[in-house]
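Features reported for this protein in Swiss-Prot:
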DOMAIN    18-120  domain 'Ig-like V-type'
DISULFID  Cys36-Cys104  disulfide bond
TRANSMEM  152-172  transmembrane segment
SITE      Lys158  site 'Interaction with TYROBP'
TOPO_DOM  173-201  topological domain 'Cytoplasmic'
Amino acid sequence: MWLPPALLLLSLSGCFSIQGPESVRAPEQGSLTVQCHYKQGWETYIKWWCRGVRWDTCKILIETRGSEQGEKSDRVSIKDNQKDRTFTVTMEGLRRDDADVYWCGIERRGPDLGTQVKVIVDPEGAASTTASSPTNSNMAVFIGSHKRNHYMLLVFVKVPILLILVTAILWLKGSQRVPEEPGEQPIYMNFSEPLTKDMAT
């Protein structure tokens, strides 16, 4: 099915609207903070934090209410700074089994937005390093409200559609060439009559 360029670009641009650190690490019994940044326009949307390698089965641990009011559940808290377009997730009293893959996400009508964050918990007494800088290398699109399909949807569906769209545009431009103006028709003179007269004389 052919999609209008505006709709296609809107769909593809969604996966670049949020980014966070590729990984964070902290010591056992300590705490860690994850900051996820989003683009303008998503300030009043619900932000969430879920756990699990696969997002179609990941468990939502906490989420905002679309405001800047902080929320806390057990050892996890979340707060959205809409002015800076950053929401912060804090995990306290870390245990070894807290090490896992997590997701920063924004709930919206249609595909949710999100980015993967790997949490590493070092054994007690081990040295820890700071969180890596934000990256968009692991961005993905989530399908549904917390019911998300695999990110390969982006690679195998949307990218080919974009390529088909570009090919169609190039083909249309090639087929809509400006027709050349008709040239002047050559003038033919009838020399048969004078030639006949000359031969008769």
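Every residue gets a Cβ built from N, Cα and C, even glycine.
Keep in mind that this is a model prediction, so the values were computed, not measured.
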Residues of the domain 'Ig-like V-type' (18-120) by DSSP state, where helix covers H, G and I: 3 helix, 57 strand, 43 coil
Local Cβ density at Cys36 (disulfide bond) - other Cβ atoms counted within 10 Å: 25
